[in-house]
């Protein structure tokens, strides 16, 4: 039922104690053992409160410039941040007034009341993309992209990881998955 090919998957999930524990353990393990990350993965750290939806969309678009024509301010932003570290990219986002205005306008125009920037929320967005044959989780709260290994079908392979998120907190039902599909 999902149009193919899928170019990115966005997951909305609850932030729980289990998630926080696993996030920290995963980062420690990768820092100790390392991981291979394709130079074609575009990753932004999230340093702006309650902007995870914007960061998730940014990850999906920045990772698919080969199939999505991007122009205007977003293209300028991606060009400006192309050779920067994730932390430097975050600083550019913090200082980009145009992006802040677009984020606020979009957040306030939806059917659901957007949280204030300083408000605590218990849900978060992360993106999944395929680059150079590997599945990557792009979560701006994490220090780096997570390489989940070989990817042959983005939707099916990301669903396996998403099931782990759901199994980690089986009493939670606040999960939503969105697929970005292409007609190419």
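Each residue's number is its place along the chain shown, starting with 1.
Cβ atoms are placed via backbone N, Cα and C, with glycine included.
Looking at 49-71, 72-94, 95-117, the range annotated in TrEMBL as region 'Disordered' turns out to be 95-117. Spatially close to residue 46 (site 'Transition state stabilizer') yet at least six residues away along the chain are 52, 55, 90, 140, 141, judged by Cβ distances under 8 angstroms. Counting every protein chain shown, the number of other Cβ atoms lying within 10 Å of the Cβ of residue 124 (active site, proton donor) is 20. Counted over every protein chain shown, other Cβ atoms within 10 Å are most numerous around 139 among the recorded positions 52, 139.
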